[in-house]
Amino acid sequence: MRHIPAAVLSCFEFDLCGRDIYRSTPVRLNNNLRERSFAMGLLADVRFRVKCAHRSSKLAAGVVQGLKKSVSLTLKALKWPPLMKELERLSRQLDASKACVRKIPPAVLDACFDLVFEFVDQPFPPLQRNYAPTEEIEEPFIITDIDGQIPDHFTEGVYIRNGPNPLFGGFKTTKSIMGQSNQLWIEGEGMLHALYLSKNSGDKRWTISYNNKYVESETFKLEKRRNKPSALPSIEGHPAAILSCYWLNLLRFGKANKDVSNTSVFELGGRCYAAAENHLPQEIDLLTLETLGEYDVNGAWNRPFTAHPKKDPVSGELIIIGVDAFKPYVELGVISADGERLVHKVDLQYKRRLICHDLGITQRYNVLLDFPLTIDVGRLVRGGPLIKYEGGEYARIGVMPRYGTSSSVRWFDVEPNITFHILNCFEDGDEVVVRGCRARQSIIPGPEMGLDKFEWFSRGFKPLKSTQGQNDGLSQDGSLFGRCYEWRLNTLTGEEFTGSRNKYGYTQVADSVASSAAGMPKFGGLAKLYLEEPDTGSEGVSSSLIKVKYHMFPENVFCTGAAFVPKPRGREEDDGWIISFVHNEAADISQVFIVDTKSFSSEPVAKLSLPRRVPYGFHGSYMPFPLQSSNLWS
């Protein structure tokens, strides 16, 4: 490691009664041993004072000062493995001490905090205007501006979409002596946007209303009471800044990151939940959008909860996974159909910390993804990013019986990639078929520090002139686009094949030109995938690609959160509609489009104009009426 000649540093520390332990004590770092010892001494000091935090509120200033000094100085010993382990142990201890730390008056911690950190708004470039947050409306709004007509046999229900919506005016950067940390788009507080479609019992006319509301997690309510940004972004930025933000969030809130609940909405046992990867789901009253509280399966599940759980269509059970930065890295659970019991839980024995956004199920199996988008505190301590896509590392897909153990998982090595979303999984003889959206690079967390962020995203969304070289891993151009891909996993021979076969699938279509220009993803249309039909092309010759029909929007119109609405008593798999929130950037108008999947390329059957701009977000669901307790979605 680099030698720092004759560096003289001073520390100002405080004991539990507020007296100086040592004032202006010079420490000469002439060799690695002293450097390491000093860093470890500071960490031990912070560790001791966190442990005893409940004994005096005067400790708060010392804790903050200790963190300032320890973070900046331990960066001198970043490449020492024992120090990395100590940092992890410290994080655990900070987490365990949250009950004690809560006894420190918040005003004391806030005063110390405000001396060190400054929140600065991150600017929204002109082409990213609809990523900016919107405000809550005071009460539901009746929709009367409808172009077209809601079909008479359309399913009554609620179309609801989740997405990030920062509470205090926009995404934030924090600046301090440790550097800066930036808030990612995925870190905005969750806001639900809901469209209610019901028929009057008398004249059968449609009544349509719109509502939106924040998902009010515990950290959301805390910041709202304080009426100012409080939780520090701790994913992207300078390593020292991320470490300090991580620790201070633990000290002040008992957790490293905010509970954003901004990614998806799902149903279980007649109840609605908003979810994100970093913590427990929040139960939502679907009629009012009020937050009812965290869902931990009656205390049986104590870790983060995937945004894409899967419901067994026969048993009604919900299959979930939860990832964590500490062992066990990934656990799988099976929840009873009524949502009251955790009937199965297993440590999957993953060898690395990773972000896993989705899982799949078949009639008998769970399908697991182990792809190299990793979380590594040790890498952060060494000066690298906390989250990184490691394309040179291994990737594999696991197939396990529904109630299996880690030893029953059959792993299949596949080409390294990033697959956030699975379209479908099913069994075909001895093979488990997995269809997902595969990309060569991860949009999360973005480029490493020092790279031009806008340029990096723009190149990742840059349109490709041909399909040649898409998967050579050498070019950044177009690497962020996910493309439909199929893996066929033979459970008898262990072989993995690729090819192309369910009948239909639906996806949003990225507008590569608009996305590249904005440096953020924009979806300019919808696609209907004919998964069992080859693309014959204009000359009628079959190819290795599948048939696709498109529903493209007008220029400068983009969508998010599209969902399929099946037709009541529909006879075919594609009997239904696609419903989606869309935004016209030229007119600055948000609408809901309803597209008939049987005439997919035609104009929407209805366009409903909304009273409030709906920012681009994440995932949507359609939940049919009646909205009544356990019979809600029966």
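Each position is counted from 1, following the chain as shown.
Note: Cβ is positioned from N, Cα and C throughout, glycine not excepted.
Taking a C-beta cut-off of under 8 Å and a sequence gap of six or more, His357 (Fe cation binding site) has these contacts in its own chain: Glu277, Thr306, Ala307, His308, Phe420, His421. The Fe cation binding site annotation in TrEMBL covers His308, His357, His421, His619.
The Cβ of His619 (Fe cation binding site) lies under 8 Å from the Cβ of Arg161, Asn162, Thr263, Ser264, Val265, Ala307, His308, Gly561, each of which sits 6+ residues away along the same chain. Using a 10 Å radius centred on the Cβ of His421 (Fe cation binding site) and all shown protein chains, the other Cβ atoms total 13. Within 10 Å of the C-beta of His308 (Fe cation binding site) we count 20 further C-beta atoms, all protein chains included.
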